[in-house]
């Protein structure tokens, strides 16, 4: 029998939602509430394929959830509030405490709060959503799905930094990795598309959007990933630097008189594609500029692709080979150019890809871009974190 599950992503002043029919994984409706706690909050919901937008003051997340549930009934999306049997909440950081999704109790809520020091911008906001739903829908399971959980299978040699060991023991300083829900979804989907058990596959998953991370997935388990203690580490991103020499931070402070916080702000919000190009963090803008002859925009694209290319080689070495390379997220799904740059020269690894197939796969299309004879398969898979969240609600909420 079908069940309706809500997949939730709560920000400090926003609430993104999808109502999904399970186990069919059919989207019933989706929407966004913005400017919560501010004047003129915006509520957008999809009804019969059309976006319906209203502007009203919404004082907090509890009121936002209340308005959303009322809208479901008003638009005949549900008959009754009891039609919704579970909610799944994206939580950015689960630390070492949560190696998998978990049904939310008061104790779990408290532990998510304690982990806020590892994700001060996100965990408190995620908790606002959790508390609102637990208050208004007290009789159904609520499940926390952590961005970090999928990577908790990494071995020590992958997650430890070469710092004095007590920093790890005392402060939890280690690589955690992010985008776990996306990497988990696309790796499972790749196995389905190949009609092979995931246990038999070595997958390199490239989640490339404004934020980007690469994961080495061996037998369905993450054994390494490019992001680190925070989502700042790894490859070049839209506005984030990715990996740099740590000694640059005091050097920049000394040269510019900036504080550590100001330098961190630069690394997070003024670097990456934006910093390199000097014009934009949006890959589409940079591609146009590069075509019109802007050398810095071309250089930014080259650096961006080069870092991803390097991780693919590194992770192939970590897994003693690779069977599948997956591209997903906004850029991975839609940029023919970046995929081509990333794959260039990988023939030595057994990667043979078809430029025509590559050009045809964008705007939500799924498929292989390798030649049939290629030992390594290359696949574009639109990510669907909400479906993964809904699956985990079914599993960990005891609804199967």
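Even glycines carry a Cβ here, placed using N, Cα and C.
According to Swiss-Prot, the active site, proton donor/acceptor annotation covers 147, on the basis of sequence analysis. Sequence annotations record features per position, and here Swiss-Prot assigns Mg(2+) binding site to 9, 385. Taken from Swiss-Prot, the feature ATP binding site applies to 16, 207, 208, 209, 210, 211, 282, 283, 284, 330, 331, 332, 333, 334, supported by sequence analysis. The substrate binding site annotation in Swiss-Prot covers 90, and the record cites sequence analysis as its basis. Per Swiss-Prot, the feature site 'Transition state stabilizer' maps to 179, 240.
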Proximal residue to residue 385 (Mg(2+) binding site) among recorded positions 147, 208, 210 (C-alpha distance): 147
Neighbouring recorded positions, C-alpha within 10 angstroms of residue 179 (site 'Transition state stabilizer') - of 16, 147, 210, 331: 147
Most Cβ neighbours inside 10 Å, all chains, among the binding-site residues 9, 210: 9
Which binding-site residues sit within 10 Å of residue 240 (site 'Transition state stabilizer') - Cα, from 9, 16, 208, 282, 331: none
Rounded Cα-Cα span from residue 9 (Mg(2+) binding site) to residue 208 (ATP binding site), Å: 19
Rounded inter-Cα distance in Å - residue 9 (Mg(2+) binding site), residue 16 (ATP binding site): 5
Rounded inter-Cα distance in Å - the residue listed as 'active site, proton donor/acceptor', residue 90 (substrate binding site): 7
Fewest Cβ neighbours within 10 Å, where candidates are the binding-site residues 16, 90: 16
Whole-number Å value for how far the residue listed as 'substrate binding site' lies from residue 333 (ATP binding site) (Cα to Cα): 22
Neighbourhood of residue 331 (ATP binding site), C-beta criterion under 8 angstroms, separation at least six: 208, 209, 212, 283, 338
Cβ-Cβ neighbours of residue 385 (Mg(2+) binding site) (radius 10 Å): 24
